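Report on the following structure.
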Amino acid sequence: MGSSWRWHLSRTMRLAMRWCRVPQRGGGCGGNRPWISGRCFEVWSYSKMLLRSLYFNSLTNADTLLDCAFEPVYWIVDNVTRWFGVVFVCLVVLLITSVVVIIYLFVLPTILSTYPLYMIVWHLCYGHWLLVMVVFHYYKATTTAAGSPPKEKTQIPAVSICKKCITPKPPRTHHCSICNQCVLKMDHHCPWLNNCVGHFNHRYFLCFCLYTTLGCVYCSISSKDMFLDAYNTIERYYQTPPPTEPYVESTAHKSIIFLWVLTSSVSVALGALCLWHMILISRGETSVERHINHKETRRLRDIGKVFKNPYHHGTMNNWKLLLGVEKRSHWFTRVLLPSSHPPNGDGILWEFSFSRRDPMAI
């Protein structure tokens with residue numbers, strides 16, 4: 001059928017030429033108007049049939065039609081997100097670097113010159129620990145592949161077939177249109193990482209969000225007094241009439257204001273995102289599974305059944321599985337210190353929290 005489009009094009013052109021041909025009068029046609037309406041109806045019917053042949057099948061519904069209509073929009077968004085991912089990563093690195101430079105140039109000298117010794121030691125240890133954790137987890141989250149089903153293996157457990165890859169999809173696996181591949185335990189595609197968040201880097205992503213939020217809160221609280229002083233100084237400089245004393249350290253004041261506004265806004269926005277993901281982890285869900293489970297819960301509720309998440313092993317066990325905590329010492333070595341240990345499992349086989357005899361449709 002390689003030449004089918006040529007046949008459709010030729011047929012359309014023939015219909016257009018026949019419609020434009022001058023009709024012969026007589027024959028009971030009643031003039032040009034019935035002929036024109038008949039030709040228009042013929043062209044419209046053929047165009048509608050041609051359009052339907054491009055997408056129609058036995059599974060066609062309103063969702064399929066909507067996906068077909070918005071496919072160009074999806075393509076543009078996916079490609080823009082893919083190409084702007086590098087820009088977003090550079091922006092994150094630039095913002096983190098600017099915060100660190102401002103702290104070393106303006107905040108840290110004030111702490112060393114005015115704070116008591118025990119506060120100096122605490123700020124140095126806590127601040128540098130946060131910096132190491134943020135940098136380490138961001139680097140690992142951006143460079144670690146989320147994981148995809150192996151293509152060389154044909155006998156793997158699958159729950160469906162990916163319509164894009166035309167390959168079996170293991171449980172909790174979903175297709176990412178931006179990465180153009182199936183991702184194991186896919187949570188979402190993060191443009192700030194230029195990477196998918198999945199089975200092998202989910203812990204790095206969560207720890208980066210958590211430690212970045214803690215770092216922004218720490219910077220906002222530590223620089224609050226300096227921010228108020230800088231803000232009052234700048235406001236006093238622009239008052240009418242202006243002050244008579246010289247205005248000094250304008251760069252320092254503006255840098256402190258930039259630091260406080262940036263860290264405060266990021267702590268609120270990123271803190272809300274981190275809280276949302278912590279709730280999902282406590283429930284044993286990902287962002288994609290949240291929507292699927294919500295629809296399944298409503299469907300089963302309508303028929304008098306109760307939905308139970310098969311991957312929910314309890315709040316504490318869910319956190320242990322994500323963080324890779326197997327014994328008590330791992331809370332220190334794997335959570336509070338940088339660790340590149342792999343997650344539990346291969347992302348293909350998953351343990352269910354109930355047996356098939358339980359009253360739930362899988």
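Each residue, glycine too, has its Cβ placed from N, Cα and C.
Annotated transmembrane segment per TrEMBL: 83-107, 119-139, 204-223, 257-281, in sequence order. As annotated by TrEMBL, domain 'Palmitoyltransferase DHHC' applies to 160-291.
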Taking every residue in the domain 'Palmitoyltransferase DHHC' (160-291), what is their average pLDDT?
88
For the transmembrane segment (204-223), could you work out the same-chain residues 6 or more beyond its ends whose Cβ comes under 8 Å from its Cβ atoms?
99, 103, 107, 111, 123, 126-127, 130-131, 133-134, 137-138, 140-141, 144, 187, 190, 193, 197, 256, 259-260, 263-264, 266-267, 270-271, 273-274, 277-278, 281, 322, 335
Take the transmembrane segment (257-281) and find every residue of the same chain, 6 or more past its ends, with a Cβ under 8 Å from one of its Cβ atoms.
95, 98-99, 102-103, 106-107, 187, 206, 209-210, 212-213, 215-217, 219-220, 223-224, 226-227, 230-231, 234, 287, 290, 318-319, 322
Counting by DSSP, what is the helix, strand and coil composition of the domain 'Palmitoyltransferase DHHC' (160-291)?
73 helix, 16 strand, 43 coil
